[in-house]
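These notes are about the structure you will find just below.
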Amino acid sequence: MEKSVPMNDWKAMKAQRAINRVHLFIHGAALAALFYYRITTIATTTSSSTHFVAHLVIFTAELTLSFIWLLSQASLWNPVARTVYPERLPSDDDLPSLDVFICTADPVKEPSLGVMNTVISALALDYPPTKLHLYLSDDGGSPVTLRALQQARSFAKVWLPFCRKYKLKNRCPQPYFLGEEIIGLEEGRVGDSDSDSDSDHSFVDKKAIEEAYEDFKISLGKIVIEEDVGASRDHSSTIEVMSDDEEFPLVVYVAREKRPSHPHNFKAGALNVLLRVSGMMSNSPYILSLDCDMYCNDPTSARQAMCFHLDPKLSQNLAFVQFPQIFHNIRRNHDIYDGAMRFIWTKWDGLNGLRGPVLSGTGFYIKREALYGIRKLQPNVDLNQLKEYYGSSNEFIKSIYRSYKTNFPSTDESLQKEVQLLASYSYDKGFNLHCEGWISVYFAPSRPCFLGSSPISLSETLVQNMRWFLGLSQVALSKYSPLVYGAMRMSVLQSIAYAELACYPIYFLPVYILAFLPQLCLLAGLPLYPQACLLLALFVSSPFFAVFVFVLISSQLKQAQEVMASGDSLRTWVNEHRVWVMKSLTSYSFAVANAILEKMGLAKASFVPTSKVTDGEVDKLYQMGKYDFQAPPAFMVILCSIYMINLGALVIGFGRVLVNGKINEMAMQAFLPLFGVILHYPLMEGMVLRKDGGRVSPSVSLLSALVSSLLLSAYALLSQY
Ligand SMILES: O=c1ccn([C@@H]2O[C@H](COP(=O)(O)OP(=O)(O)O[C@H]3O[C@H](CO)[C@@H](O)[C@H](O)[C@H]3O)[C@@H](O)[C@H]2O)c(=O)[nH]1
Ligand SMILES: [Mn+2]
């Protein structure tokens, strides 16, 4: 074979890598000094048993924080950035075919207009149309979605030629029409188009296409009125193949069978069904998986992904190419719910330098073989063994072989029945997504390939995070725990990086401890930190005070540096911090508790899809940068009580310390509640000052006042022993 030019390239992010490593050693040394202080203090604390226990508990918090910090170093060790050269791809005739999977679950929470925009944007991918096949999974089994899909397909038949003619870069109709004043037709082009830029023509065309889109929207509105909206949990499977046009991508609607008595495994179950159904129809070697709200913002994503998948050096072991999840409805630098989740994607850069990131659930191009959990089937493999794994459909098993030629759509009734059967639950034997030896690639081009919608209320944010971290806690508690299972099968750094994700929710423990204990001990007059001499230089009284201050500052500076490196302002650092504390106290702790209960058989999995409906009031608050505190009362009482405790400790404790003159001993302990009270000031505002619909409900404030005064008086008990 002749020597080919590479289609992709990577380079180490050297500056960031250097900063990360220097931080690792300096911060690590400071932590060692901190541990030395704790251990020696605990060993010599004889004053009271309460004091001894308090030291132990605070040490537990410090150990946990340091443990997660240590795990996080794996994904910071070697961050890598990638580039692609799509112009070096083989010609269209030689590109592999591609199946697009889109999942939707509920026409009320996920309105058809949004879902269909995603569908249309995917149909408009810059890829040979005969090699593109789109499967929409409707877990709601709703006629609304089926009929909307038919309408979307009709609209796409005029939309696609329009996109191609004007080489549009933004091929999702809704944002295209909304953004017309801002980006205009000219800037929305793919590449440097010189032909067909006759503005008169484009104007005429544009009017026509706008009208077609309006008609499409009206038709969706009619469907909602005519049909019964609402997701069903009890229906047989429906499959509708739309393929009357050779030059247009195949579109297939799939509603799998659902019965209340049978676990349907949510989105994973839906993807499994799509995998089987598509295996019989188009059987493309590559699959793009999208959530219903994740539209294609760059039509070239498929070609970008192929730059990795078709690279002879990577291809054999490469399972998937993951793009970041980026959201169109987030206000940059005013992201009060930290929807951007920079802390995740920064890690993905690092995983890129190991053997690649985990699947994030949407926006990835995966190799079909990898989803089957097999490496190239041997022709002589035992058929019964395969049936055990993949279910008993002979036709489907045949499809697993690379050489399988689909003859779909066909009029052959038996084949049609077979497909119908594949969407019924009798085949719910899970495909194992865990693939050994596969690698993956994370690719974050400057123009986001996919844009989704992020929750913009506290309630949705906390509930969504609870769901995610419940999943992660379950992994941590399962036999696939990365620290045990992974450590034996992956490189050390890779398994540590995965372990960090799985362990992430245990942040709840140190956050709870630090939100209570130093405060209560401040009231009880029990010092937990080394003495400070605030008037003189820090080192005069206790060198360990300087150690604590250093650890605090160094961790904060590191985060600030990362925030700024990703182009955000310090406001983002504040938001990230605040949301992290709120999530730790609610989402993470509930997630861990649920995972443990489930493990003991006391709780059951559930999935409430996040709402993609824009609520006027909620949106208004978000645009003004105000939190929407109408969250589950259990969450709000926790947050408000802790706020009040910190406020109380600050006021009472500070007063007493000043009177007793113990300010040096208590400096750190007074600083913690001070920091908390300032950082979470919006909560105070929500309880006391705000009158709008997003304020903290008075009943929540009242209950929190009660809870916090009870807990505050506990300090009196503490000081008795
Ligand atoms: O029973 C279900 C439940 C959900 N979905 C679909 O799954 C997708 C994700 O659901 P969503 O409510 O949007 O959850 P998010 O928290 O926003 O999604 C994130 O978290 C999920 C795991 O909790 C991942 O699967 C997603 O890819 C990831 O974007 C949506 O398209 C849903 O329609 C189903 O198909 N069947
Ligand atoms: Mn979502």
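Just so it is clear, glycine is given a Cβ too, placed from its N, Cα and C backbone atoms.
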Per TrEMBL, what member of D92, D93, D139 joins K109, E110 in binding UDP-alpha-D-glucose at one site? D139
In the structure shown, which of the binding-site residues K109, K267 has the fewest Cβ neighbours within 10 Å? K109
Cα-Cα, whole number of Å: D291 (Mn(2+) binding site) versus D139 (UDP-alpha-D-glucose binding site)? 12
Check each residue in the chain of E110 (UDP-alpha-D-glucose binding site) that is at least six apart in sequence and keep those whose C-beta is under 8 Å from its C-beta; list them in sequence order. T104, C292, D293, P609, K612
Counting across all protein chains present, how many other Cβ atoms fall within 10 Å of the Cβ of D139 (UDP-alpha-D-glucose binding site)? 27
Listed binding-site residues: K109, E110, D139, K267, D291. Which have a CB under 6 angstroms from an atom of ligand 2? D291
Which whole-number value in Å describes the distance between the Cα atoms of K267 (Mn(2+) binding site) and D139 (UDP-alpha-D-glucose binding site)? 8
How many other Cβ atoms sit within 10 Å of the Cβ of D291 (Mn(2+) binding site)? 24
Spatial neighbours of the transmembrane segment (634-654) far in sequence, C-beta under 8 Å, 6+ residues away: 458-459, 462, 515-516, 519-520, 522-523, 582, 585-586, 666, 669-670, 672-674, 676-677, 680, 683-684, 687, 696-697, 700-701, 703-705, 707-709, 711-712
